[in-house]
Amino acid sequence: MKKLVLLRHGESIWNQENRFTGWTDVDLTPKGLKEAEEAGRLLRENGFSFDIAYTSLLKRAIRTLWIALDEMDQMWTPIELNWRLNERHYGALQGLNKAETAKQYGDEQVLVWRRSYDIRPPSITINDERYPGFDLRYRNMSSGDIPLAESLKDTVARFLPYWNQSIAPQIKAEKKVIIAAHGNSLRALIKHLDNISDQDILNCNIPTGIPLVYELDDDLKPLNSYYLGDAGQIGEAISAVANQGKSGA
C-alpha cells in the first residue's frame, strides 16, 4: 500500500477577507501559519516522513510546506515547484469579495463560478495588471499556457500531465510524497483519483491546513482516504469553506 498526503495551504490573507484569490500571490495569516504548524505536528505524530514534496509557485502553498516540514524536522526534503499546481485562475473575479459578488450576481451564479466543473468565470485581458505574463516567475511559460481565467476542467487539464509524468511515477517507485497546493488544484487531483463525476465535484470542499491522506494500491487507485485531526473541527472547517461564496456568509 502506498500513501500520498495532500495539504491545502493554511489560511491566506484573502481567505480571511473572503476574496477570490486565484494566482494572486498573497501570504498566510497568523492563523494560517498556525495551521501549517499544526499540519506538521499531526504528520510527525502520525509517523509520516517524505522522500519528495511538490508545491505551486505561490507563496501561501510554499510557506505552508516549509513550515510543515520544519515542524517535522524534515526541511531537507527535496521540493519541486511547478505552476501546474497553482490555484485555479479566477480571471476577473480575482480580488473581489465572494459574499459581495454573490449579492451582485446571486448565490447560484457564484456557486457555479466557484464549484462547477466546466464553466469559467469572466476573463481578464492580457493588458490587465493581474495577467500572469507580467510576472517573472512565469517567464518560461508559453503564452498559450498562461490563463486568462480557468474552470476546474481547465485546472484538471494542466494538472494531470504533471501528475502523470512527474508525481505518479515517484509514488509507484515507493517514494513517500506530499503535495502542498490549493483548493482547486487539489480538487482536480481528487476528482481524478476518486473518479468523481463532473456534477458531484461541486460538493467537494477542502479545508485549509489539514492533511488529507490517501492510501493507494499499486495502480494508484484509492483504498481509503482520511483527514488527520479532530473529526468535529474538520467538519466545521469543511462547512466554512462551503459557505464562503454565499451572500449571507
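Every residue, even glycine, has its Cβ placed from backbone N, Cα and C.
Around H9 (active site, tele-phosphohistidine intermediate), the C-beta neighbours below 8 angstroms that are at least 6 residues distant in the chain are L28, G32, A36, L58, R60, A61, R63, T64, A180, A181, H182, T208, G209. Look at Swiss-Prot and you will find H9 tagged as active site, tele-phosphohistidine intermediate.
What Swiss-Prot records for E87 is active site, proton donor/acceptor. Around E87 (active site, proton donor/acceptor), a 10 Å sphere centred on its CB holds 26 further CB atoms from the protein chains shown.
Annotation source Swiss-Prot lists substrate binding site at 8-15, 21-22, R60, 87-90, K98, 114-115, 183-184, citing sequence analysis. DSSP assigns K98 (substrate binding site) to a helical segment in the three-state reduction.
According to Swiss-Prot, the site 'Transition state stabilizer' annotation covers H182. The Cβ neighbour count for H182 (site 'Transition state stabilizer'), using a 10 Å radius over every protein chain in view, is 26.
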Around the Cβ of R88 (substrate binding site), the count of other Cβ atoms that are within 10 Å: 29
Per-residue Cβ crowding (10 Å cut-off), top of binding-site residues R8, K98: R8
Surrounding CB atoms that lie within 10 Å of the CB of G183 (substrate binding site), all protein chains: 21
Least buried by Cβ count (within 10 Å) of the binding-site residues E11, W14, G22: W14
